């Protein structure tokens, strides 16, 4: 984007509604609007400029296509298939039906609080930007640092944690079709790498192509989910095995499976890892907001739609499986190595089971693609603020596709390295799921916590907001995450039964990098990292040292309106870097 972007205070009469009149978070003083020298800015571009950034992407995502990306990242059917071991294995069917209901009530609180932040600050930086803006004076950079790195760890593990079980499902189906074939770890790894490379290529395409691809993928996800929801109850062969068509309700809701050494209540809480990981994709619209039209309304709506629709249909799927599963230990310990495929073979004829597994595989491919797109936008946003070594290269926008291609391949490379965990066994590979769940929810909650307990009524809400219920919903979200973070790190065994092979490695694989990141902050980063590089000091909670100085500009352009203040030109350094 060439040309000068200036900020002027002017009369609003006879002009379209601008950010000066909208209740959005802004780096501009009251009555000021951004003016672009070559043309009139759109409403979305004005909002982004008010947040301190110049437009760099085409806004070709609509409410529907944004929802499609987030629903693809959510990927209910493949997510459920990937995490069935945790949802069913810790507490059995009561954990599936009760656990999903309880967890979803609080997850919806997190999603709505996040949507409120998105409406106020629709930028690719998302939660990271919000944490910096809302934090008390002097703590903005630290809040952004912790939020950004935790969110990035969750994002960058997203595609690998989807593509690894996808590879397992494909090879499990191959093993069913050819019983003499036994998948090896290196087979799973090579197939996972191939899928990641394909996702990297698709994510490097122009925005419109990606939007269309994800729209088709999400539509298929929804159709596949509906087919499976109908197919399993309709085609189950339980009766041919001498069983009733469905397990009695008293058994489904009350008979616990002792999958842990903890009390039943704690076991149910431990099953939440499946719900949290499955439902962690609804933040994608926040990160796509710079590519979305009518972003401060459409993006928060897409967040709430994803969480609400996903939660409802996810519970339906939990009920279907809970009422039809026959032998839980056999599902969990099957030599196929994939509980979802093992379950399908247990309750369906083989050909029908393979058909359902094939639908899951295609849906999982779409989900992995959505994860790759969302993660690349997060990586770009953080590189734009020089968070990474080599940010100068990562933050480049490809001049042909107008997408952050370098960020895509940076993430793809890291994802391939992470999948080497498959050679450490199932527990090591399972750490990918736990990292994604814990890291994402910590990042989700930091800005919500700051907004509720430090900003309070000073928060400048956007057009989509929770009104008088905001503080209560935000408090419930914070309490839920504070409880769940330690729960998600508990091993299933205790006492003398606990060995290295049964350890929950999340505390190490997530806690280790975060500990180093905190040490990095105190040793070095606090000296140079100042948070999001906005161009004008934020008017709600000003920060010293967090402003890039603009150039003085003496303009006599009367056509722009009545000028009552000296113009200020926003810094063009970022645009030059990206050219």
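Glycine too: its Cβ is placed from the backbone N, Cα and C atoms.
Automated prediction, rather than curation, is the source of TrEMBL annotations.
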Practice item. Please find, within the list 97-115, 154-172, 382-400, 534-552, the residue stretch that TrEMBL describes as transmembrane segment. Key: 97-115
Exercise for review: Count the CB pairs under 8 A between the transmembrane segment (186-204) and each of 127-146, 303-326, 405-425, 431-454, then give me the winner.
Suggested key: 405-425
Point to revise | Among the ranges 97-115, 127-146, 216-236, 405-425, the one whose Cβ pairs under 8 Å to the transmembrane segment (466-490) are most numerous | key: 97-115
Review point. How about the transmembrane segment (303-326) and the transmembrane segment (431-454): do they have 3 or more C-beta pairs under 8 A, pairs 6 or more apart in sequence?
Key: no
Practice item. Any chance you could find the range in 61-85, 216-236, 262-282, 352-375 with the most Cβ pairs under 8 Å to the transmembrane segment (431-454)? Key: 262-282
